[in-house]
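Under the heading S-adenosyl-L-methionine binding site, TrEMBL lists G78, R83, L127, Q128, Q143.
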Amino acid sequence: MDSADLCSHNQNNATLEEKGSFYTDAANYWSQIPPTVDGMLGGYGFISRADINGSTQFLNHLFKLKVPPGNGRALDCGAGIGRITKDFLLHHFDKVDLVEQNPAFVEQARVSLADHERMGNFFCSGLQDFVPEPAAYDVIWCQWVLSHLTDGDLIAFLRCCTRGLKANGVIVMKENATSSGVVEVDTTDSSATRPLDRLLQLVNQAGLQRVKQRRQENFPQGLYPVYMIATRPIAAEGACP
């Protein structure tokens, strides 16, 4: 799942605490989407270059922090067919792993990335069930996927990611944010887009603090605002829930 639907929806506010069929509905939706860049981006494949440029600029800022992350190994979460891995992360890290819940997307990623020596593991799993290898990653990159997690599972996932970071590592979230101040639920793809302040609340509840934030530029009007947020653990955390 490289992307939740990029367009704004007028849906009822939701707290996103009850799972119900939330995950199975999302899996069913993505099983009908073609394994193409346009499919991953909800018909907005033409924004991919601007997206990659914005991510590259943001990562370069992170590498210039007083205490920067390393460039040894990265994890692409909700990777879809590996668009972000191929066009972005592999240009900056010695090794890149990816995790994606849709088997067809994972297979397409394997084909697309077969000739890349820096490519590491292909994990087929939903993020609600995924536990990263401990102390393995300099950067864990989560893009257009966290809207597919309930609040509780998002907190749990971020805590697990904290355990997966190397020293000085960061977790980056690049996500849509609502302008309405409420959570907007899209029943088509079973996602819930949060306002920025709500996402930051959940980040804090997971024991993380924001170290850098930037809004994506050069996207067409009519799309949700997209924010890149780099986070680090506030303090040492316990084991994953």
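Glycine is no exception: its Cβ is also placed from the backbone N, Cα and C atoms.
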Review point. For the binding-site residues listed here (Q128, Q143), which one has the lowest count of neighbouring CB atoms within 10 Å of its own CB?
Key: Q128
Study note, to complete from the structure: Within 10 A of the CB of R83 (S-adenosyl-L-methionine binding site), the number of other CB atoms across every chain shown is 23
**Study point:** Among G78, R83, L127, Q128, Q143, the record's S-adenosyl-L-methionine binders - longest CA distance, Å
**Key:** 22
Study note, to complete from the structure: Simplified DSSP label at L127 (S-adenosyl-L-methionine binding site) comes out helix
Exercise for review: Run through the Cβ atoms and count how many others sit within 10 Å of the one on G78 (S-adenosyl-L-methionine binding site).
Suggested key: 28
Check your understanding: So what sits near L127 (S-adenosyl-L-methionine binding site) in its own chain, CB-to-CB under 8 Å and at least six residues off in sequence?
Key -> C77, G78, V99, Q101, C142, V145, L146, H148, L149, D153, F157
